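Here's what Swiss-Prot has on this protein:
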DOMAIN    7-38  domain '4Fe-4S ferredoxin-type 1'
BINDING   Cys18, Cys21, Cys24, Cys59  [4Fe-4S] cluster 1 binding site
BINDING   Cys28, Cys49, Cys52, Cys55  [4Fe-4S] cluster 2 binding site
DOMAIN    40-69  domain '4Fe-4S ferredoxin-type 2'
Amino acid sequence: MKTFLPSKFIVDRIEDRCIKCKVCITQCSFDTHYYDEDDDQIKVRNQNCVGCHRCVTFCPTNALVVRNNPLEYRQNANWTPEMIEDIFKQAETGGVLLTGMGMDKAKPIYWDKLLINASQVTNPSIDPLREPMELTTYLGRRPDKAAFDNCGNVEENITPLVKIDVPVMFSAMSYGAISLNVHRSLAQAAKNMGTMWNTGEGGLHSSLMEFKDNTIVQVASGRYGVQNDYLNSGRIVEIKIGQGAKPGIGGHLPGEKVSADVSLTRMIPMGTDAISPAPQHDIYSIEDLSQLIYALKEATHYRVPISVKIAAVHNVSAIASGIVRAGADIVTIDGMRGATGAAPKVIRDNVGIPIELALAAVDSRLREEGIRNQASLVISGGIRNSGDVFKAIALGADAVNIGTAALVALGCHLCQQCHTGKCAWGICTSDLALTKRINPEIGAKRLTNLLRGWSLEIKDMLGGLGVNAIESLRGNRLHLRGVGLSAEELKILGVRAAGE
């Protein structure tokens with residue numbers, strides 16, 4: 001069937017710079033560039049270009065330019081080019097449109113409408129270069145009170161808290177969705193910075209057991225790789241109920257990405273689609289969730305906190321309250337801008353709510369019910385920089401997870417082709433010819449640098465507030481002001497308008 005789809009991008013080659021080295025051909029995993037022997041020229045298939053910029057980055061003579069196709073549709077506010085092209089695709093395939101990464105629509109980004117306070121005159125600021133600043137964060141359940149014996153020993157069992165040196169962790173991204181070299185980069189960077197990385201729902205590769213003190217292992221609806229050794233190889237065990245990019249449906253790893261090594265780790269046949277059920281089939285109520293939480297606590301000998309991850313949806317505050325009362329030590333909330341390796345486009349773009357509103361609502365609800373101390377709040381889904389981290393903690397988060405930002409640090413250009421298994425940067429692929437493009441040592445260094453830079457910036461902002469510890473910022477919304485927000489939005493966020 002002839003396609004009606006135009007090329008998304010046009011690749012221009014500056015001929016007097018091109019030395020015909022064929023680097024562009026070897027670097028492009030989408031067969032955009034090819035060599036024509038008859039004409040002795042390197043030519044381009046524009047329809048294959050996904051805009052990943054791999055060829056541009058590695059061209060030794062800067063001979064390539066990738067630009068948007070200037071093809072213009074007749075202007076129509078209702079029928080945008082994206083709407084038209086989506087219909088073309090479904091008319092040609094008859095299937096669900098899949099995409100990767102997070103929602104890219106122009107929905108409100110509340111981080112950009114929140115501004116941070118600073119000390120002036122009456123409350124002196126602190127110079128982080130000359131005075132100690134504390135970013136250490138503890139995750140887990142804190143008791144209402146502790147009983148001590150005559151020797152000063154605690155009389156009751158308390159779930160151990162997990163200490164992280166920076167309030168930033170790496171989001172759940174499964175082996176298969178991303179390559180083993182990316183997993184190793186994340187794990188090593190987490191160890192370097194004294195924080196945590198998350199295996200995602202695809203199990204833990206045997207070569208990464210050395211990082212178990214910095215590992216969060218996940219139990220999702222597919223239960224891939226879940227067995228006793230796996231559960232006891234993590235510092236935190238996370239039950240995944242949902243994720244921000246696709247609330248209400250299960251994970252989907254195309255068979256093209258299920259290599260021999262991935263199949264061994266996930267405990268599924270090679271080359272088969274790994275389709276997780278939408279629900280966890282042993283969880284249909286808060287009571288069922290509580291049973292699984294305590295089953296995992298028993299399996300791990302009450303040695304580690306149990307986290308429950310949910311998507312930011314309507315009534316999220318009531319759901320989070322139930323999760324805390326069910327016994328969870330950590331609640332992780334993933335917002336609608338959270339990314340994924342593969343999701344139906346219609347769900348990614350239309351389901352869920354912004355993480356800023358969900359976080360503020362959940363923190364307020366738990367405080368009102370007097371149970372905020374019983375669980376830590378971790379949020380994810382759209383954290384782009386240290387300013388977002390700072391504002392999230394002021395809104396009530398104990399820590400944040402980053403996924404897309406971490407992948408960008410490794411070279412991701414957000415071409416949204418994660419689901420194809422052809423990632424030219426070697427990130428979201430199981431193709432051994434592509435995965436070797438990620439050097440784990442260099443990747444770990446880049447991620448370590450990212451977190452170290454953010455840590456320094458957070459300390460600068462804390463110092464500007466006159467605060468020397470991240471705990472003094474947590475949930476302190478008086479340090480935030482809103483700009484361009486409605487009265488209802490300000491009320492939900494719990495912040496005042498700028499100027500008040």
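Each Cβ is built from the backbone N, Cα and C atoms, and glycine gets one as well.
Mapped onto this structure are the features recorded in Swiss-Prot.
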residue : record                          : CB count, 10 Å
Cys18   : [4Fe-4S] cluster 1 binding site : 15
Cys21   : [4Fe-4S] cluster 1 binding site : 14
Cys24   : [4Fe-4S] cluster 1 binding site : 24
Cys28   : [4Fe-4S] cluster 2 binding site : 23
Cys49   : [4Fe-4S] cluster 2 binding site : 23
Cys52   : [4Fe-4S] cluster 2 binding site : 26
Cys55   : [4Fe-4S] cluster 2 binding site : 24
Cys59   : [4Fe-4S] cluster 1 binding site : 20
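Comparing Cα positions, Cys59 ([4Fe-4S] cluster 1 binding site) lies closest to Cys28 out of the binding-site residues Cys28, Cys49, Cys52.
As a whole-number mean, the pLDDT of the domain '4Fe-4S ferredoxin-type 2' (40-69) in this prediction is 96. Secondary structure of the domain '4Fe-4S ferredoxin-type 2' (40-69) per DSSP (helix as H, G, I; strand as E, B; remaining residues coil): 8 helix, 9 strand, 13 coil. Take the mean position of the Cβ atoms of Cys18, Cys21, Cys24, Cys59, the recorded [4Fe-4S] cluster 1 site; other residues of that chain with a Cβ within 8 Å of it are Arg13, Ile19, Lys20, Lys22, Val23, Ile42, Cys55, Pro60, Thr61, Ala63, Leu64. Cα-Cα distances to Cys24 ([4Fe-4S] cluster 1 binding site) place Cys55 within 10 Å, out of the binding-site residues Cys49, Cys52, Cys55. Across the structure, Cys55 ([4Fe-4S] cluster 2 binding site) and Cys21 ([4Fe-4S] cluster 1 binding site) place their CA atoms 12 angstrom apart. Counting residues per DSSP class in helix, strand and coil order gives 5 helix, 9 strand, 18 coil for the domain '4Fe-4S ferredoxin-type 1' (7-38). For the pair Cys21 ([4Fe-4S] cluster 1 binding site) and Cys28 ([4Fe-4S] cluster 2 binding site), the C-alpha distance works out to 14 angstrom.
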